[in-house]
Amino acid sequence: MASGLSEIGSTKMFDGYNKRYKHFSETLGCSMTFSIYFPPSASSSHKSPVLYWLSGLTCTDENFIIKSGAQRAASTHGIALVAPDTSPRGLNVEGEADSYDFGVGAGFYLNATQEKWKNWRMYDYVVKELPKLLSENFSQLDTTKASISGHSMGGHGALTIYLRNLDKYKSVSAFAPITNPINCAWGQKAFTNYLGDNKAAWEEYDATCLISKYNNLSATILIDQGENDQFYPDQLLPSKFEEACKKVNAPLLLRLHPGYDHSYYFIATFIEDHISHHAQALEL
């Protein structure tokens, strides 16, 4: 393994293994952890495609692995699950831990342009550094066959990263994503601090803005949204994204679910549909 990449945890599940790793990120300038579920079929002679999962505010790389139950379907389909952390950690930037929705645990999957937050480059970490690290160190993974998914802030990350990198990912899905961050409080706070006042820069990290430019999609976008989600009306705004998709005939399946909230109970209920969605796009 590359210098500085070390395994820090391993548990068997559905005949595969959850493994956790630590490494020093050149992109972020700090030590980072990430988790991988290796399905039982994964080997150097039978490489597994990769589904990246981007988590939401306050989360680490462990939330999805521990709570979602995605390993059952991933084991069946032969998909590796890769879950990075949600921000740099341990940099001790003044104010980084003052609120749950900004700084530590709230990287918003962008490349910050403001000097104070210059290490917050989760976009480059997810799109460039992490795939390279995986391809160099895990012969049982096929990083050229990849899809991406996420929840809330991570759903925002999955949608924007997918739309800006249609050559790198076969499909995208999201649970309760922040689809129009330039028009919600979470997004406005994060973008103002990370990106400054340049609204054109904001739009590069807004799925509702991006779909008008990047819509030559080979796979339907799948979004699940709980109707009892406390953040649904004011922060997530999926109807705005739906309108933007309709304008350019972008294929979107937006499913609204009565009674479900913003939690991992909701994710666990429908995660199998998402794994199947990606398995189809990855031709498994």
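Each residue, glycine too, has its Cβ placed from N, Cα and C.
The active site, charge relay system annotation in Swiss-Prot covers S152 (among others), and the record cites similarity to another entry as its basis. Same-chain residues at least 6 positions away in sequence with a Cβ under 8 Å from that of S152 (active site, charge relay system) are, in sequence order, G56, L57, F175, A176, P177, I178, F231, L236, H262.
In sequence order, A176, L236, Y260, D261, H262, F266 are the residues of the chain that are 6 or more apart from D229 (active site, charge relay system) and have a CB within less than 8 Å of its CB. Annotation comment: Swiss-Prot describes D229 (among others) as active site, charge relay system.
Here Swiss-Prot flags H262 (among others) as active site, charge relay system.
The substrate binding site annotation in Swiss-Prot covers N63, K67. Counting only same-chain residues six or more apart in sequence, the Cβ atoms lying under 8 angstroms from the Cβ of N63 (substrate binding site) belong to S55, A83, Y264.
Taken from Swiss-Prot, the feature N-acetylalanine covers A2.
Sorted by the number of other CB atoms within 10 A, the recorded positions K67, H262 start with K67, the lowest. DSSP assigns D229 (active site, charge relay system) to coil, not to a helix or a strand.
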